[in-house]
Amino acid sequence: MAEAAEDPQDFAKFSTAPSSHLHEISSGPQSKKRNAFAELMAPKPKAARPDASSSRSPAGVPSPTHKRTKNSGGKTTTRSKWSGALLEYIDHPDRFPQQVIRVTDKTVLIRDGFPKATVHLLLIPRSPEHYDLHPLQAFQDKDFLAMMRDEAASAARLAAAELQRNISSFSVSSKARNEAMDKGVPFDQLPQCRDYLSDIRIGVHAHPSMDHLHVHIISRDMHSDKLKHRKHYNSFNTPFFIPLEDCPLAEDDERRNTSFQNGNLAKGFICWRCGQEFGNKFAELKRHLETEFAHWKSE
């Protein structure tokens, strides 16, 4: 049986209070001027309270129960508490102004409600013929894959700009540019700075925990209070995380193998930055990640 990156209990403990990391995405303390990106990423004014028939929860996330009809076979099924929640963002993105960043006719880009890093977004396709499929199956469609790559590349640039806004004041390699900006130097004359886009990863999980296809767009730091156990970490730091650029996978690619991927989730911890091994000591890894985060953001 395939193991997913999240367990049901991860969602059951969700608080109705907004996540601190979601606030970081919307208004980083380093921003002195409100630019177009800040306007895009900032939480929108709260919509009027929906009526009792709405599936929205007080926190602006879909309610824990969700009935839906699968495309294949037309069989109506009731999903587990949170696994079907992404469909609400596809069908009714206007109901979630605090979560939704961008909507096109092809995709919805949202903040991950349980971010595993400083910046963590989800790109969700809106086409019914694809969003019910496993990502590795959906990406066999070359046109669909090309569209998702284009949309993901655009979303990654947004994520990189937000990462820059969050950590550039700590970055040695961004110091000259920051100082020039403070002096009003024209944009085309600004010094080069850190390549924040290189710190953004784009990919899918081998066995997603949510029913609907989604692509993770995530900064590499793994610095989050939502990172709580082995699967959370290993799902992004082993071959369980499949880069979008590697798709479509060959039929004999071992990353398609369930046993191989279950083994990846069960591996001992290895620091993403320095390669230090921690075995099964998650608490030690978390303390180490705090130190690595400080070093990483100062680069």
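In case you wondered, yes, glycine gets a Cβ from its N, Cα and C as well.
Note that TrEMBL annotation is computational and uncurated.
Remember, predicted model here, so these are calculated numbers, not experimental data.
According to TrEMBL, the compositional bias 'Low complexity' annotation covers 42-59. The domain 'Aprataxin C2HE/C2H2/C2HC zinc finger' annotation in TrEMBL covers 237-293. The feature region 'Disordered' is assigned by TrEMBL to 1-79.
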Query raised in the report: Can you tell me how the residues of the domain 'Aprataxin C2HE/C2H2/C2HC zinc finger' (237-293) break down into helix, strand and coil by DSSP?
Result: 27 helix, 8 strand, 22 coil
Report summary line: The predicted model's mean pLDDT over the domain 'Aprataxin C2HE/C2H2/C2HC zinc finger' (237-293) is 98
